[in-house]
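As annotated by TrEMBL, domain 'ABC transmembrane type-1' applies to A:89-280. Feature annotation from TrEMBL assigns transmembrane segment to A:31-52, A:88-112, A:124-148, A:160-180, A:201-226, A:259-279.
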Amino acid sequence: MQMPKTNVTLPNVVNTATKERKKKRYTGVTIVYVGLIIYFIVIAYPLLWMIISSFKSTDEIFTHSWSMPHTWLIENYVTAWKSGISSYFLNSVIVTGASCFLTVLVSALGAYGLSRFEFQGKAFVLIICLGGLMLSPQVSLIPLYSIIQKLGIYNTHLALILPYVAYRIPLTILLIRAYFLSIPKELEEAARLDGCTSLGILFRIFIPMSTPILLTTTILTAYYTWNEFMFAIIFIDDDSLRTIPAGLMQFRDALQTDWGVLLAGLTISAAPIVMLFLFMQKYFIRGIANGSVK
Amino acid sequence: MLKRNKLTPYLYLFPAFAFLLLVYIPIFQNIWDSLYEWSTFSPDKVFVGIDNYVHLFKDPVFYQALKNNILYAVISIIFQVGGGLIVAAVLEDKLIRKFSPFFRTVYFLPVVVSMTVIALLFTFFYNPEVGLLNQVLKMVGLDSLAKPWLGDSNTAIYAVIAVSQWQSIGYIAMLYIVAIQKISPELYEAAEIDGANKFKMFFHITVPQTKEMTFVAVILTLTGAFTVFNEPYILTGGGPGTSSEVLSTYLYKTAFSKDMMGYASSIATVILIITLLISLVQMKAFKTGKEDA
């Protein structure tokens, strides 16, 4: 007697169950989206506020913190640029450019030596590179300060470039080496038969074939040097030589009351590396992921 | 492998090696320096043995700073590692996936903005009179909670730590996203057929499958928490009083404001020992991890 009854009701039960489940899933997804959007606002709003307020007068920032600018004061940017940001910006470009070039060049040479030769002390060199990843700059600060003074480069761009390169080399060597190891040996043997020197093989075969990793390491180095703060405030004393992160502190002290201009300065400072990230996200993320798994 | 001149590989490695001296010499020099009393302007160093350390271990500011670093570490692990994993798991869920590249990019944005910019921006938000944070609290009727966040010695360190979380959750989330993408989708499909819900899948698949990344993330966050400098330096300068001092800011002040170089070196040695201990745990765990596999 029970059999037919179940037969009749069963599809119905299933139907309501899936409906219930779908409904549950729907509310679940909605809650998750609400969470994601709140987090989105928490992250994006401060950055948007910075950009919007950078077009306001100080008064307006005080009195109408939340609204759009009454008139868009583009001259805030002109004032910021003229009152110091241009020179900080240029210094940052020089220091970042030189650090990236040197880091990648020196690391590519080292990685080549490590991946294509057998020699005594190879394991030692690898350990030194790995160990270099663990040492934080804070620990070296005072001796490095003395060394830089003794080298006579205190208060020059080199006072930043040399330590930046030194601290970026361990990771960069290891990343490039891993890539070089994957390049087939046949290629270099063929080149050698054609009379290519080892340096020729590096520059004609290895470097052209490794563009992705060279780009990744360049971006990582640029990201580090553009934003580095501690060395930048200590190893350079002359305001005209300061890079952006250190210069902004000076800029704030000079502009205590002119918030709009200060915010314009902040926006200019953040823009290049944000652009670099947005346009080269793939390389950026690959670098961050590789860099973390030391 | 290339043979020929035995010197060739050394020539390739020489420039890197020369630069690495700048990383290694200061480490040893620092330990040496910490045994002396000296300043930048006087040429003579006075050997004092372990006096600097004896002094340091009786210094209440040192303990205040260390306590703040530990607080930094605990809060960062909860928010960055815990929060980062949850954000990543949500963004990698197939029901969300359509919009996840957008959210992912925005969440990561603060990571690429320098801490100087972020910290100066947050001094606006924390401003007691016109700051957005107090304005928001007043809007939702929580006027009583409004306070000078950075100027109150009870809240300063938390306000500083909050800025670090704001910047870095997206970073750890990105690392977890990479890790989750490596998990075989079949695991989730099988669990779904078995009728597992999202929470079960999170705890039984995502969490165990990203164990290695959790380990990396914990190490990164810990190292970051014990070497943090920019946020407290810019936001509070360690103040009010010494309430938001951390080891690095105390080291900086001791060296470059008070010009007590030997004493500052002993603080640096403590930071060195802490970071080395963290690295040792890391190496040991990676070794055992490899033996398991």
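Positions of Cβ are set from backbone N, Cα and C atoms, glycine also.
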Report summary line: Long-range CB partners for the transmembrane segment (A:201-226) (under 8 A, at least six residues beyond its ends), listed in sequence order, are 92, 95-96, 99-100, 103-104, 107-109, 112, 160, 164, 167-168, 171-172, 175-176, 178-180, 183, 187-188, 191-192, 244, 272-273, 276-277, 280, 283-284, 286-288, 290-291
Query raised in the report: List, by number or range, the same-chain residues at least 6 past the transmembrane segment (A:259-279) whose CB is under 8 A from its CB atoms?
Result: 50-51, 53-58, 60-61, 73, 76-77, 79-81, 83-85, 88-89, 219, 222-223, 226-227, 244-245, 248, 251-252
Query raised in the report: Which residues of the same chain, at least 6 past either end of the transmembrane segment (A:88-112), have a Cβ under 8 Å from a Cβ in it?
Result: 125, 157, 160-161, 164-165, 168-169, 172-174, 176-177, 179-180, 202, 206-207, 210, 214, 217-218, 221-222, 225-226, 241-244, 246-248, 251, 268-269
